[in-house]
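These notes are about the structure you will find just below.
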């Protein structure tokens, strides 16, 4: 049994590598291409059926992916966009669940409203990974990417909490709106508290207990699982625990992690996220034969018709939601309108089109039990799973493959100014270093000629630390000066990050360079 699982894992890993290389050559987003490839492979004769266990998704794959997504999210960007993120991450989830509930109740014979809410909560959360993987290749405005990524951190948790209550209503036949609302708030607050608490304990451990880079890496990988399992054990939101814990851990990373630890953690996590994402999307595609085989009581064309109708409705609900959610708050709030003017309709349209569904939708559908509390078969279970799968495939293929063309048509591509930003940031850091050197060092450290050069800013500092001391200086003074310069640049980077003066990607690139320089001095 173990050998079979190992062989399957190795085959999936190799397939992920090969398919990712092909997708890069074809210019197609890797998640979308992996799903399509999984669909094609699943239809080949002799291919064994790989049944996707929802526990594998929720417990093994989802926590680290969400934790790392939160870790990589700039909190300042997230907070400054909290209004659109909340409107899409929470409001749109509820609107989608309600809209799909009434549509499916009217469309599918004998389909109850409670079952409609269950289906709506399943198909509500978009998978931002698929969208942002396309948009980042196209150099779209960073604010659109920030809203999509922030939305994905919230909507997964919101949809799963709504799903939990809708499922309880179908299974037990009872539902109380006020009780569900109170439980929703309680599960959210407890989940966030658990995530922040565990992240705080990690901070204390790494701050006051001597750890090695390898130990820090293990703690970083174990953290999302501990947060998720503790929250779920307390009947709270495991996803919100992971997301909040990821934010807190990222905030304290610069205070607790050495440059060696940060570089090692980054390398391990990049590999882990690549593997997990590959597994998730290729496994989604491989589920097609298994899901179709369970549709025994309803003709396949009818089920496909229901699935396509719900898929189109999901897309339309998001498109209808994003415009009033974007323009109405500005219309009602003059201060907001002055500080954040109306965006163009093209950017709003693109935001609405980025609604591809993914792993959470399928995992939620697969967790529907076989039986109700009274031991009757769960009604429409196989159809709900099939519709959820159809929505995933429809949105990934139709919306995902059309995103590059839509972006070019709407003329939303931004010129690549990363090089200019990096040059500007380097100059800002250099100015700060020069000011410090001129104000704090005397002739016995910097020669008179160097001080004049520094004052005139004619001394080019390629790496910002190639400052040469006079012959009277000792190697120890030279090393100390370089360390001091690195510290100054880190402090200036932190200040510029708080001001949102540069993109997070550029800030992190410069931090990476500083880590390498500090390691070289060790």
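From the backbone N, Cα and C atoms, a Cβ is placed for every residue, glycine too.
Where the annotation comes from TrEMBL, it is an automatic prediction and has not been curated.
Taken verbatim from TrEMBL:
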TRANSMEM  6-23  transmembrane segment
DOMAIN    13-406  domain 'Cation/H+ exchanger transmembrane'
TRANSMEM  30-50  transmembrane segment
TRANSMEM  56-75  transmembrane segment
TRANSMEM  87-108  transmembrane segment
TRANSMEM  114-136  transmembrane segment
TRANSMEM  184-205  transmembrane segment
TRANSMEM  272-292  transmembrane segment
TRANSMEM  304-327  transmembrane segment
TRANSMEM  347-371  transmembrane segment
TRANSMEM  383-406  transmembrane segment
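When each of the listed stretches 6-23, 87-108, 304-327 is scored by C-beta pairs under 8 angstroms to the transmembrane segment (272-292), 6-23 comes out highest.
Below 8 angstroms of C-beta separation, residues 29-30, 32-34, 37, 41, 50, 274-275, 278-279, 282-283 of the same chain, each at least six residues beyond the ends of the transmembrane segment (6-23), sit close to that stretch. Using the rule of three or more Cβ pairs under 8 Å, pairs at least 6 apart in sequence, the transmembrane segment (56-75) is in contact with the transmembrane segment (347-371).
Spatially, the transmembrane segment (304-327) is adjacent to the transmembrane segment (383-406); three or more Cβ-Cβ distances between them are under 8 Å for residues at least 6 apart in sequence. Same-chain residues lying 6+ beyond the ends of the transmembrane segment (87-108) with a Cβ under 8 Å from its Cβ atoms: 115-117, 119-121, 123-125, 147, 150-155, 158-159, 162, 166, 306, 309-310, 313-314, 317-318, 321-322, 325, 329, 380, 383, 387. Sequence-distant contacts of the transmembrane segment (347-371) (same chain, six or more residues past either end, CB-CB distance under 8 Å): 31-32, 52-54, 57-58, 61-62, 118, 121-123, 125-131, 135, 140-141, 144, 147-148, 156, 159-160, 163, 167, 171, 280-281, 284, 287, 314-315, 318-319, 321-323, 326-327, 377-378, 381, 384-385, 388-389, 391-392, 395-396, 399-400, 402-403, 406-407, 410, 412.
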